[in-house]
Amino acid sequence: MAVFLEAKNAHAVLKRFPRANEFLEELRQGTIERECMEEICSYEEVKEVFENKEKTMEFWKGYPNAVYSVRDPSQSSDAMYVVVPLLGVVLLIVIALFIIWRCQLQKATRHHPSYAQNRYLASRAGHNLPRVMVYRGTVHSQGESSGHREAGNNPQIVMGPSRGGRTTVRLESTLYLPELSLSRLSSATPPPSYEEVTAPQEGSSEEASVSYSDPPPKYEEIVAASPSADK
């Protein structure tokens, strides 16, 4: 059964469908010569494209030789249509990963300060710590009561910041004014000098009469001296 169609209807039926690389064909329109060199073409496909027997035979005579011949160097530019988009996508991915890494690093450094900042904060906190001094003495003040005078012999703790005033605190948690601690320190006797410490001290008459160079007393002398002491 023969079917005859007009030219317009025949072109509609025998239309050419796009290949898998339709996107690249939109960038660079292909020809039958390049397509047949990239793929294996049949005689019917070439005939449908040229729609002319003379042109079809002319192409078909040279086609077997073109399959095994070296391709034109200009056709190597077709690979650029594949390589350039892939490189662009890879570059965008690398830039996005770098931006994400920088954001994460800034968040980490914001929550955890650096080692230098930690040392600065630690040294600054160490300077603000209070100083504690424990001493014994008696508080002398006109406005102090008798109960305070009796408790003056107890150990005292002086606390105060390194840069501010000092306060005096008793072990029984009794607070005194800073002036009392200052008066205590001003009225305290100075320590003895080296000459006073090394000078020979005068003892009692009994200690002076004893000579350590004499021999010890005998047993008879001790026994004779004990009855007289009992009497």
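Numbers run from 1 along the shown chain.
Using the three backbone atoms N, Cα and C, a Cβ is placed for every residue, glycine included.
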Looking at the disulfide bonds in Swiss-Prot, identify which of Cys41, Cys103 pairs up with Cys36.
Cys41
Among the recorded positions Cys41, Glu44, Glu48, Glu58, report those whose Cα falls within 10 Å of that of Glu35 (4-carboxyglutamate); none is a fine answer.
Cys41
Looking at the modified residues Glu45, Glu51, Glu54, which has the shortest Cα distance to Cys36 (disulfide bond)?
Glu45
Specify the nearest of the recorded positions Cys41, Glu45, Glu58 to Glu51 (4-carboxyglutamate), where nearness means the distance between Cα atoms.
Glu45
Could you tell me the C-alpha distance between Cys41 (disulfide bond) and Glu33 (4-carboxyglutamate) in angstrom, no decimals?
10
Just the number: how many Å between the Cα atoms of Glu48 (4-carboxyglutamate) and Glu33 (4-carboxyglutamate)?
14
